[in-house]
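Down below is the structure, laid out as structure tokens.
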């Protein structure tokens, strides 16, 4: 303050009172503006870190959901996977992931395929933004864990996680969200004057994660005894392999829902701007409504189908949880651009598409222990389409600063029936399908070919907690568990010795008898 007075007093004497007061006033105003800007930057950084922490907490949700949905003999294994998603993914995102996704962004209209700067976080970096995007990458990686649980090697999973976060995912994130991405609505000259509408990742995170899970499941084949009988012939009705802990699965679902309030509202990246705060609030409301309606839709629809099938009203908890999660996945793309009634509609349809996709998956004999493929792949694709149908002009202006092309229903209301936005959304879907399939299927196939993906039948039968993680995940009556484990291990070794060492799945084209050894092969005594 004294420095400001000295500066002004050297320019103006006390005889020039008006000029002196004007100088002091302008100086105070500039100082106040600077302080306000500093506060706003600090507030936005804190908001982004807090939102990133909520997204990171979703790792707890994935871990609990996966653990509860599988058998107790593999609990330690999948929990370690989820831990490695964060640890290995963090290193991969630090080395190359962030650089490929967002490095070297410019404000020009140039389209680039991949980022080229900020490897190892070198150069000028917004560290709060890096942390937020790291949490997104970890969430994507964890989607796959439940699908391939109980039959995948640890080293194969670690290779996959590092590759997905370090290279495969950043290309899709760059296309949708970098200022130089060809699908990005933040590009100076976006595709067809609009760019794709995906506020928080129905496509780049969830659809890509679900499709990656599908590629892995196709290469691995199903768990032993899931779709084939003791003779290796297809079962008329697939065998259920229930998870060991419903409470853990429900806890995981609630943890994921909680984390979504960082995932979606946090994608405003700021709250210091009043408009951004309003958008974040709308996003939170739409996220809630889509989750609620998705859960109710799946539950009541499955209850109605049950009544038609067996004449009894049953209420399926797993369908309800997955309907809720599918609603969350679907609203993620359009959460900032649709009205509340549309969020409810999106959630209702999410419950239906989940149930249909889950049934189709079983018909195709694709084994998914947690139904991550229907939830994330199908839910993510529906979310991108829904954003192209229901995005409103007013909310597009508020969230994206443009409304030249809006949801098809509103284009029809304008009298144009313009399909521009829905067309861009479909291009985004095709890009994700093409890139993920071309990259991840060969990746998993090569891993499996070299014996680094599917576990031996012996390990699959006994459980990887015993064979790889020094004992079961639960220590109730430890001596009894150890004795039973030792007996089962010896029994399986006698059965498999000489004819099973080195047998592995070689992909979907392998016969069921080789790709999916039956329970009898494992359990028969010598």
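A Cβ is built for glycine as well, from the same backbone N, Cα and C atoms used for every other residue.
What TrEMBL records for 46-67 (among others) is transmembrane segment.
Per TrEMBL, the feature domain 'Ammonium transporter AmtB-like' maps to 48-474.
For 79-101 (among others), the entry in TrEMBL reads transmembrane segment. The list of residues near the transmembrane segment (79-101) in space but at least 6 beyond its ends in sequence, with Cβ under 8 angstroms from a Cβ of it, reads 56, 59, 62-63, 66-67, 114-121, 130, 133-134, 137-138, 141-142, 145, 149, 154, 157-158, 161-163, 165-167, 169-171, 173-174, 177-178, 469, 473.
Residues or ranges marked as transmembrane segment in TrEMBL: 128-145 (among others).
Listed by sequence, the residues of this chain that lie at least six past the ends of the transmembrane segment (157-177) yet keep a Cβ under 8 A from its Cβ atoms are 81, 84-85, 88-89, 91-93, 95-102, 112-115, 133, 136-138, 140-141, 144-145, 148, 183-184, 186, 196, 198, 203-204, 208, 212, 216, 428, 431-432, 435-436, 439-440, 443-444, 447, 452. Marked as transmembrane segment by TrEMBL: 157-177 (among others).
Summarising the annotation, TrEMBL assigns transmembrane segment to 197-220 (among others).
The transmembrane segment annotation in TrEMBL covers 241-260 (among others).
Among the features that TrEMBL reports, transmembrane segment is placed at 280-305 (among others). Outside the transmembrane segment (280-305) by six or more residues, the chain places 199-200, 257, 260-261, 264-268, 271, 313-316, 319-328, 330-332, 334-336, 338, 340, 343-352, 354-355, 395 with a CB less than 8 A from a CB of the stretch.
What TrEMBL lists as transmembrane segment is 317-334 (among others). Non-local neighbours of the transmembrane segment (317-334) in the same chain are 197-203, 205-206, 246, 249-250, 253, 256-257, 260, 263-264, 286-287, 289-299, 302, 342-343, 346-347, 349-351, 353-355, 358, 371, 374-376, 378-380, 382-384, 386-387, 390-391; each lies 6+ residues outside the stretch with a CB under 8 Å from one of its CB atoms.
If you look up TrEMBL, you'll see 340-357 (among others) marked as transmembrane segment.
Residues annotated as transmembrane segment in TrEMBL: 369-390 (among others).
Under the heading transmembrane segment, TrEMBL lists 419-444 (among others). Listed by sequence, the residues of this chain that lie at least six past the ends of the transmembrane segment (419-444) yet keep a Cβ under 8 A from its Cβ atoms are 160, 163-164, 168, 171-172, 175-176, 183, 191-198, 203-204, 207-208, 211-212, 215-216, 218-220, 381, 384-385, 387-389, 391, 405-408, 411, 453.
According to TrEMBL, the region 'Disordered' annotation covers 466-526.
Here TrEMBL flags 478-491 as compositional bias 'Basic and acidic residues'.
Marked as compositional bias 'Low complexity' by TrEMBL: 495-505.
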The transmembrane segment (128-145) touching the transmembrane segment (241-260) per 3+ Cβ pairs under 8 Å rule: no
Ranked by Cβ pairs within a distance under 8 Å of the transmembrane segment (46-67), the first of 128-145, 197-220, 369-390 is 128-145
Counting only residues 6 or more past its boundaries, what in the same chain has a CB within less than 8 Å of a CB in the transmembrane segment (369-390)? 65-66, 69-70, 143-144, 146-147, 149-150, 196-199, 202-203, 205-211, 213-214, 217, 223, 241, 243, 318, 322, 325-327, 329-334, 337-339, 342, 345-346, 349-350, 353-354, 357-358, 361, 407-410, 421-426, 428-429
Residues of the parent chain within Cβ reach of the transmembrane segment (128-145), under 8 Å, 6 or more residues beyond its termini: 44-45, 48-49, 51-53, 55-56, 58-59, 62-63, 66, 78, 81-82, 85-86, 89-90, 92-94, 97-98, 101-102, 121, 157, 160-161, 164-165, 169, 173, 201, 204-206, 208-210, 212-213, 216, 262-263, 266, 269, 372, 376
